[in-house]
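> The structure that follows is given in the form of structure tokens.
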């Protein structure tokens, strides 16, 4: 069923050279689609900062924080007023739903112009993510005898062409940063578990993406990583409260309640211009999130008009299955690469509040699946499957805009199911080998 890793890597048609060269036309396609997407007819942003999108929320929260009013970032009227003043003609309301710890990250952004801040934030977080992916694949790059330049090109070209990267850039969002933290935690876990825990704990900036991490670490008996995660999460929260006050934490809880209502409520998202003075209790009551951009099972079912109880119930069943599969792998003898792939995918599946820009995370399990395939042998057709997974975010993103449904949830489910099967086969193989060893040489010979 599987093929020997190094030999297959050299002989297979989908080799490193073709992956790198094939990324070039895909990169051109992504750039063309991004240019079309950003035309003024789509967003009404003619003459404004490039790619302003969601990033205006970060810059506005920073502006309010620098002016001495961090709690105002959680006030819809005030943060929308800052955003619309910064970008004349910007028609939308913006909302800050992040915990006070994320204010620590965005705090200095408004010291720069909006465009400069965008390039610093997105460029810096992209560089961190690229570094994590390079370090994750470095043993394979060395084994292939790639030079330093060739090794970086082998990472950067396919990474830049991956559709999830473009989606995050178009939103101006934080997925590069959160993926880098998750990937760094995985990368450091075996050699520096305390620092791995620190990276995991810093995901408290978006805690709903780290729900599985403590359970996995406990199952693997990674006590130092658990300690590091607790220290960094609690320490960053304490620092943010000391700097920004308890009012920021209270605003976060109010914002969470508001976002939950927008996610759960019946009805569809309507893109309508609004002025800050028009944002009142009635506006908040009737506002909705664009669920076609939220690739969770819960969001998909609610968009199909499933009842709230049934949608949550089915999502809970999915969460239970994901938790069991991930923890079984982390307690067993599965390779670390498969454990990391399962954890990153499972972390995306268990939260009902997930946006399609977080498909940028898929480069993590893709990289770890490549590592596992090279080290432990490839299944027939496995490399083609991984290539398909890497390409699918683009058509799914476009289809979800034409026929509003978060179809990307099926990509996450399918990818997770494949890695879960890979993990289960590895577990059963290890169990069979252990049974043979336990049976003794004489018994094994007689058979």
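Glycine is treated like the rest: Cβ placed from N, Cα and C.
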> TrEMBL tags one of 105-131, 267-293, 375-401 as transmembrane segment - which one?
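That would be 105-131, per the transmembrane segment entry in TrEMBL.
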> Mind pulling out the one from 152-173, 193-218, 225-247, 409-427 with the most Cβ pairs under 8 angstroms to the transmembrane segment (105-131)?
152-173
> Same chain, outside the transmembrane segment (225-247) by at least 6, Cβ under 8 Å from its Cβ: which residues?
65, 70-71, 99-101, 103-104, 185, 189, 193-202, 204-205, 213-214, 217-218
> Given the transmembrane segment (193-218), which of the listed stretches 152-173, 310-330, 337-355 has the most Cβ pairs that are under 8 Å apart from it?
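It is 337-355, which has the most Cβ pairs under 8 Å.
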> Which of 152-173, 337-355, 409-427 has the most Cβ pairs closer than 8 Å to the transmembrane segment (310-330)?
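Against the transmembrane segment (310-330), the leading stretch is 337-355.
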